[in-house]
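Chemist: First the structure, then my questions, so here it is.
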Amino acid sequence: MADTKYIFVTGGVVSSLGKGIVAASLGKLLQARGFNVALQKFDPYINIDPGTLNPYEHGECYVTEDGHEADLDLGHYERFLNTPTTRANNITTGRIYQNVIRKERKGEYLGKTVQVVPHITDEIKRNVKLLGQKSQYDFVITEIGGTVGDIESLPFLESVRQLKWELGQNCLCVHLTYVPYIAAAGEVKTKPTQHSVKQLQEVGIQPDILVLRTEHELQPDILKKVALFCNVAPDSVVQSVDVPTIYEVPLVLQQQHMDETVLRKVGLQVGPVPEMRQWHEFLEMKHTARETVTIALVGKYVELQDAYKSIDESLMQAAIYNRKKLNLISVHSEKVTEANVAETLKDMDGIVIAPGFGSRGVEGKLIALKYARENDLPTLGICLGMQCMVIEYARNVLGFKDANTTEIESNIEHKVIDLMDEQKTVTDMGGSMRLGAYDCALRKGSKLAAAYGKEFVRERHRHRFEFNSQYREAFEKAGMQCVGENPETGLVEAVEVPACRWFVGVQFHPEYNSTVVNPNPLFMAFIREAIKTRKKDKE
């Protein structure tokens, strides 16, 4: 295809409507038609990236293959399209301003007064076009974070306005709004959508397609009314009714021919219907699963739905491919005690010890790990979860009662988890961890190697602290094996206890490499062991 097509997804009325899911779903439909699709997210906050944001503020921090800390929507993009993202797929206001100020300091603006228009907007447009200029993508779908009317979003919307003018038919705007149902009146209200579109029009953007989020199916007369008052063709008004799982959204949009509407508007032939066989099979497995596997996720942010989003989705995908429903039980690690751990975990088929930072909730994780190990409950530790496995084993098996990570306590004898050497001179907090994909050599014959079916893997990381290799021999003799290491540095990446059914910890984040059509083998193996445990306990 000669020219890259650019699609912008904006949102109105309220936030958290699911712009990322709509963007990913549309991208999936276009990809299924044979097009190469890139998805990117523009976030209007002034942070350079979300790496230093509290999960309570922003949910999960996603990590890309090339080591960029990114918005959790990039996780949706990868899970839907099964293609990796990079630093170029997530841009913030902070990044834009940082680039512009750096150019100003270098004298690239030749003494001109640096302003929002044109300098900030030009930098935004440059980043929008960056992926398209690589000439490998037919479509670039850009999600604009925030809600129309937010002051933070204005430079991005102005950039979209300019691009729609410059690109002509090669550019269109999809606007997602909310149509509330008023129970007292027994009817839906379209006025918020009308006002949202009016706000968009006031900044010079006429949406080409409207997607209406709603709890109840909208009647044709409502859709026609929205089309009339929002200046949009009737066949360009799409409704997105609440569905049991986000993975049904592509099919909901396909049933209303949204992908065909997009193709016609950008001047392309509609062609054959998308090839969605594997997607349908995935949903069929989900809907027909009868038995349940129950997994406890032990972490300190579990009350926030998006804090461990990629882990939640990876477990769900693995359960579905193992023909089971996932019953995920959130266990707040701060509330786990010696007195209640047995009651809390006794009905679990397996537990996952979540990643994180800091001391809060760590003791609860250690108590949960001791119970799981002693009761042979399948356990997967991720990042800090693996480090907690090492600490628990050191205290209760090796007898190192003061064992800890120096992230929490440095004035101890047994520093079984310590700051990485290359991190000891780092002073900045943002973007300075060990980030991105690294190779890991797996020990032949280990449970981890069996899970992956190979002896070398490449997974993503986000950490500053590591297993202290001075203790490696002591752990090996005591029964905890170091079964994964970086082939270049010797850094221990994974541990397991062979005497247990499944007691495996990994320093990396396998959840960032798990998609709808390609679930991560580690989660698949963990869920299989949990299912076996469930069956054995029933016998």
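Cβ atoms are placed via backbone N, Cα and C, with glycine included.
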Chemist: Among R458, R460, R464, R472, which is the one Swiss-Prot gives for the L-glutamine site where Y56, G356, L384, G385, M386, Q387, E407 also bind?
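Modeler: So the L-glutamine site in Swiss-Prot includes Y56, G356, L384, G385, M386, Q387, E407 plus, from the candidates R458, R460, R464, R472, R464.
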Chemist: If Swiss-Prot gives S16, L17, G18, K19, G20, I21 as binding ATP, which of D66, D71, D73 does it give for that site as well?
Modeler: D73
Chemist: Any idea what the Cα distance is from P192 (UTP binding site) over to L384 (L-glutamine binding site), rounded to a whole Å?
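Modeler: Computed Cα spacing between P192 (UTP binding site) and L384 (L-glutamine binding site) is 44 Å.
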Chemist: I'd like to confirm something. Which of the recorded positions, G18, E407, H509, E511, has a Cα closest to the Cα of Q194 (UTP binding site)?
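Modeler: Of all the candidates listed, G18 is nearest in space.
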Chemist: L17, I21, L384: which of these binding-site residues has the sparsest Cβ neighbourhood within 10 Å?
Modeler: L17
Chemist: Report, as a single number, how many Cβ atoms besides its own are within 10 Å of the Cβ of K189 (UTP binding site).
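Modeler: Counting Cβ neighbours of K189 (UTP binding site) within 10 Å gives 14.
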Chemist: So if I draw a 10 Å sphere around the Cβ of M386 (L-glutamine binding site), how many other Cβ atoms end up inside it?
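Modeler: For M386 (L-glutamine binding site), the count of other Cβ atoms within 10 Å is 27.
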Chemist: Rounded to whole angstrom, what's the largest C-alpha distance between any two of Y56, G356, L384, G385, M386, Q387, E407, R464, listed as binding L-glutamine?
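Modeler: Max span of the L-glutamine binding residues, Cα based, is 23 Å.
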